[in-house]
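Below is one structure, written out as structure tokens; comments come after it.
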Amino acid sequence: MAATTSMVTSLTFTIPSLGLRLPTRSYPCLKPQRRFVRKAASNVITATYELKAPPYPLNALEPHMSRETLEYHWGKHHRTYVENLNKQVVGTDLEGLSLEDIIIVTYNKGDILPAFNNAAQAWNHDFFWESMKPGGGGKPSGDLLDLIERDFGSFERFIEEFKAAAATQFGSGWAWLAYKANRLDVENAVNPWPSEKDKELVIVKSPNAVNPLVWDYFPLLTIDVWEHAYYLDFQNRRPDYISVFMEKLVSWETVNTRLEKAKARAAEREMEEERRRKEEEEGKPTNEEEDDDLEMYVDNDNDDSEAE
Amino acid sequence: MALRSSVTRRTLTLGLNSTRLLPLSRSLQTFSLPDLPYDYGALEPAISGEIMQLHHQKHHHTYITNYNKALEQLHEAIQKGDSSTVVKLQSAIKFNGGGHVNHSIFWKNLAPIREGGGEPPKASLGWAIDTHFGSLESLIQKMNTEGAALQGSGWVWLGVNKELKKLVIETTPNQDPLVTKGPHLVPLLGIDVWEHAYYLQYKNVRPDYLKNIWKVINWKYASEVYEKECA
């Protein structure tokens, strides 16, 4: 029988150095990278996701997005998501995980677990503030523009489609521009667009807190279409808000940087998968396989059979 | 609303149910915005006049406009036997039709204080509430907890299961009517917890909106519906 492998996944754990057994809730299998944040001289581990400030003062987006909106949207809504996330995560298996990891795990293929809403909303809002800048809008250039024109026909068509997605996300949610690298087997979610088209820009909309990380896309741009995002400035006029966002607020530099990162990571993944596929083909044992297999190999080659 | 004989007849659309005759078909009923039985400012300070006006004239009205549009497209698709379009239209009908259904109930669920808003229910509904929830306060607390916890947009309902004659508290997402939670459920009271229902006044503090709205809840209407279902 196979001995236990080196990859042990445990769903509960003790922290021997503190002599504490913390109450834990079981969550689906987690990837091995974990960061623990411990407060010095304290017997309590506290989760510490922080509320990051937008990369501009709260009045910097006026007159397109008022200071009052930023004060509430960032200062109350976003802050509350972060605070509630910290309270929810402390003492559970999720503690110490990166925000992205919590999102993927608690999305749970759509059967969402309690911490998902706060984690995803915390991430979404960070991403949203960074998607905007004072004096934003205009047009992208370079690779990003080329890709937009390739995948949507023209920049104008892209704008139309993005605005339509944002306007037709019924109820609360988000509209996204994302980079989709062809990856159908997604560990913890169901890819809604399984297609042969390889590596392209897509526009998607999502309800409530859902974001494209759960479909293993690379988000590039987002607009928040929860009513709290625009009600003080535009009341019911969501289409006006969307137009102003596109024309005056989008930070195409940020979108571009995100695209470059996404392309790089997609290329890395491809290389990694290529390597793994080659290894499987050549029948080379990977690090996780048993020593028994190696011995079988050796027997065959050396003719040192004991059975004779 | 007399039409002068020298003027060409035009279809009246505002405030009236209009019927449009399509060739070779039954006429399609379109829906129109019901009037509020009170002024926009009459529910203050619980709900501001500004909110009431936007909520009624913009949000509800837009649901009706889009509902009518979807129904017209549905009508055409049915006539043509275009099943994919019939199915495709279902979500627009659910959103917008649901929005119309829910808000029509909502306006009746509210009343100015001088017209009985906030007055606790008596008779059979009052008794049923005490029996099922212990007290009115307990019902209110439960509904407020559910309403505050609802993620995104939706409604919190006090309903009655007309088969079992039992009171229920339910939430529905977006504009889903209560009946989507159970075919025998009849709404007695619905509280809109979409942000548009309270944001201008209460901002992110939905619990304060929920606390205050009970001052203008029209229990008379809820009692009437309850008695009709459970007589």
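The backbone N, Cα and C atoms fix where each Cβ goes, glycine too.
Secondary structure by DSSP for the domain 'Manganese/iron superoxide dismutase N-terminal' (B:30-111): 62 helix, 1 strand, 19 coil. The domain 'Manganese/iron superoxide dismutase N-terminal' annotation in TrEMBL covers B:30-111.
B:D192 (Mn(2+) binding site) falls within a strand segment according to DSSP. Per TrEMBL, Mn(2+) binding site is recorded for B:H55, B:H103, B:D192, B:H196.
The domain 'Manganese/iron superoxide dismutase C-terminal' annotation in TrEMBL covers B:122-224.
Neighbours of B:H55 (Mn(2+) binding site), defined as other CB atoms within 10 A of its CB across all chains, total 24.
In sequence order, the binding-site residues near chain A, meaning those of B:H55, B:H103, B:D192, B:H196 whose CB lies under 8 Å from a CB of that chain, are B:H196. The binding-site residues considered are B:H103, B:H196; of these, B:H196 has the fewest other C-beta atoms within 10 angstroms of its C-beta. Non-local neighbourhood of B:D192 (Mn(2+) binding site): B:H55, B:N102, B:H103, B:F106, B:W155, each in the same chain, at least six residues away, with C-beta under 8 Å from its C-beta. Listed in chain order, the residues near the Mn(2+) site other than B:H55, B:H103, B:D192, B:H196 are B:H56, B:H59, B:H60, B:F106, B:W194, B:A197, each with its Cβ within 8 Å of the site Cβ centroid.
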